[in-house]
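Here's the structure we're looking at; comments come further down.
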Amino acid sequence: MQSVVQVEPLTTARALRGPFDYVRPEGAEVGSLLEVPFGRQTLRAVVTALADSSPHELAVPRRVLPEAIPPELVALGLWMAREYCSTPARALSLMLPPSGVRAKAQLWAEPTAAGRDPGPEVRLTDNQRALLAALPRFAGTDLGALRRLEKRGLVTVAPRDRRRAPEHVAVGARRDPPVLNPEQEAAVHAIATAGPGERLLLHGVTGSGKTEVYLRAAEQTLRAGAGVIVLVPEIGLTPQMIARFVDRFGDTVAVLHSGLSQGERYDEWRRLRDGEARICVGPRSAVLAPLRGVGLVIVDEEHDGTYKHEGDPRYDARLVAQRRAELSGGVLVVGSATPRPESVHALRRIRLAHRADGARLPPVQIVDMRATAAGTVLHRRTHDALVDARKAIVLLNRRGWSNFLTCRSCGHTWECPQCDVTLVLHRAEGAMSCHHCGHREPVPRACPECASVSLARHGTGTERLEHELARIAPVVRLDAGVANPGEALQRFERADRAILVGTQVVAKGHDFADVDLGVVVDADGTLRFPDFRAEERTFSLVTQLAGRAGRGGRAGRVLVQTLDPDAPSIMHAVRHDSDGFLEGELQRRRALRYPPFATLIRIVCSSTEPGAAHAAAHAVRTAVDAAGGAGDGAMLLGPAPLFRLRGRERSQLVIKGPDRYAAIEAAGVAAAAVRAAKAHRTANLSVDVDPQ
Ligand SMILES: Nc1ncnc2c1ncn2[C@@H]1O[C@H](COP(=O)(O)OP(=O)(O)OP(=O)(O)O)[C@@H](O)[C@H]1O
Ligand SMILES: [Zn+2]
């Protein structure tokens, strides 16, 4: 009899790490959530293992709480803690429903045998008869009347959990899904016959019908008695994907997203944990859904940056998805028209080379901006094409009116007081705003240095572009500044003639039937970021935007405005040549030892105290060196200063290591040593394995 539980107390304190032994209470298993005495406090704690005995004197847990998680999530949490240099408590906390919320009990009224269909001899008013006929249901405002019937033995009234999450109702498409084309058929077959823990990449051109493949694969998995997790980039921007799953599977689907109230979230979590719902659709955190026996994990639009979590642990939901599938013997399927070089390198690839409706991919043309006057936003050709178009999507990856303001007399620029970046002008709001910390101030009338009122605006963002486009056709803008993206998308979908303008969100997986023009403004803008993913991002952005045009039977075309028409990422995107792009990109990465040929770990130190961030980063470097490095062939880059953010100086050290586990181990040990050192107590350290 295993009479001891080992637990991880759920605390954010890094130093406080389990496992700690307690007496095993009745009903406690691996995954149980307990309340345990801990010093003078009471903490919640997750059982991570059972044991026969313990060398310690054991305390008795106070309670077993109802929010147990499946054992496979315990294993996943412990793995995440190691993989991302975090703590078991922080990782396990992510798997629990919101704390402080309980199932919501309400009074449920049911007829007794006597109350079911009472004969005419039973004296009842018409109202009472109507009330009885409507049972069973929650009591609500009729409680008084029901209680009177209860006294007469016709009704029972008792508390019952009431679901707050909305019911998912299947409509329409469930009855007649499309007949799969041979490519889709082959993809579904490949998934169905994949072995436990196998990892597949569904590389299908835009509009090739990947969603239908996911739906069929999910159906097979459910039939085999296993559960399904479907990850999507951002719920607000991918309503179609959710709609298609709900439409096909109804209330078997639970949707987890940030728009739910705490109570709704709790209820969806419970439905998954208790096996009432067998498919979970949601953003990255849905990879931690409490389903048992997951047979299939799908990651749609796997190239999307939102799969990386920015809290602690800084997990990558794509890697966690892979681990999750492995732990339960399920299959991982990631899909994209523009997969990451990492996935192409590591996963078995299935291709969908054609659009599902048989249409061709739209022709893409370069519009060379080198000869146009500086400050021109739209080339004449682009302008004319927009005039001719019925529905167009225009992508510009910069928000606001203009990027920055300068004084024409003295050259003063407006910067954020908290961060070393310029403030962006948002004209409609009459504000200058920092896109890093959210600082806002009114638009200046005059220069604070020289009092000149001659101010120059530089650069163009989506707000100014919207203004220009409004002369051509009705405009819908979509970017992070728009309050309700779902509503904006609907407005565009319903319009007869319109231009959708916005940042990268306009390129995300939308399936509009009648877009006949796509435009990328400043396509090389993303290439100017000093980041090894700049090429990948640029290729993906142009290809994804191009993919929104010419769907649903209407011919479409795409124009790409750029100052750098010879950049390989742009040239390959123009030719729809993802193989060529991926091949070149993997060669480049191999030569420069970037992922997937090495693991990157970014350690960022920050402090409000001058010099402290750099000193801490330097100390991390010294600690790694002193411990013999970060594995064979590893390189340390930095410390290098980063721009000041939210009033904190920052300095970063990058570890580039071919031996992943040696690099992670070295980073974890060095960061722990520096965190513990008194000399660096004002510095904050964040360790980011596989930075986005
Ligand atoms: N076998 C089929 N026959 C006809 N139409 C289909 C078939 N499969 C899918 N479709 C339709 O093709 C369209 C594109 O499918 P879907 O949105 O799944 O593309 P996708 O591969 O996800 O593209 P993207 O990468 O651009 O998001 C949808 O409207 C879908 O209903
Ligand atoms: Zn700022």
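A Cβ is built for glycine as well, from the same backbone N, Cα and C atoms used for every other residue.
Per TrEMBL, the features are:
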- C407, C410, C447, C450: Zn(2+) 1 binding site (BINDING)
- C416, C419, C434, C437: Zn(2+) 2 binding site (BINDING)
- 191-357: domain 'Helicase ATP-binding' (DOMAIN)
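Structure with TrEMBL features highlighted.
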residue: C407; record: Zn(2+) 1 binding site; Cβ contacts under 8 Å, 6 or more apart: T413, C447, E449, C450, S452, S454, L455, A456
residue: C410; record: Zn(2+) 1 binding site; Cβ contacts under 8 Å, 6 or more apart: C447, E449, C450, S452
residue: C416; record: Zn(2+) 2 binding site; Cβ contacts under 8 Å, 6 or more apart: T422, L423, C434, H436, C437, H439
residue: C419; record: Zn(2+) 2 binding site; Cβ contacts under 8 Å, 6 or more apart: C434, H436, C437, H439, F643, R644, L645, R646, G647
Three-state secondary structure, C407 (Zn(2+) 1 binding site) (per DSSP):
strand
C-beta crowding around C434 (Zn(2+) 2 binding site), within 10 angstroms:
20
List, in sequence order, the residues of the same chain other than C416, C419, C434, C437 whose Cβ lies within 8 Å of the centroid of the Cβ atoms of the recorded Zn(2+) 2 site.
P417, Q418, V421, L423, H435, H436, G438, H439, L645, R646
Taking the centroid of the Cβ atoms of C407, C410, C447, C450 (Zn(2+) 1 site), which other same-chain residues have Cβ within 8 Å of it?
R408, S409, G411, H412, P448, E449, A451, S452
What is the average pLDDT across the domain 'Helicase ATP-binding' (191-357)?
93
Enumerate in sequence order the binding-site residues C407, C410, C416, C419, C434, C437 whose Cβ-atom distance to ligand 2 is under 6 angstroms.
C416, C419, C434, C437
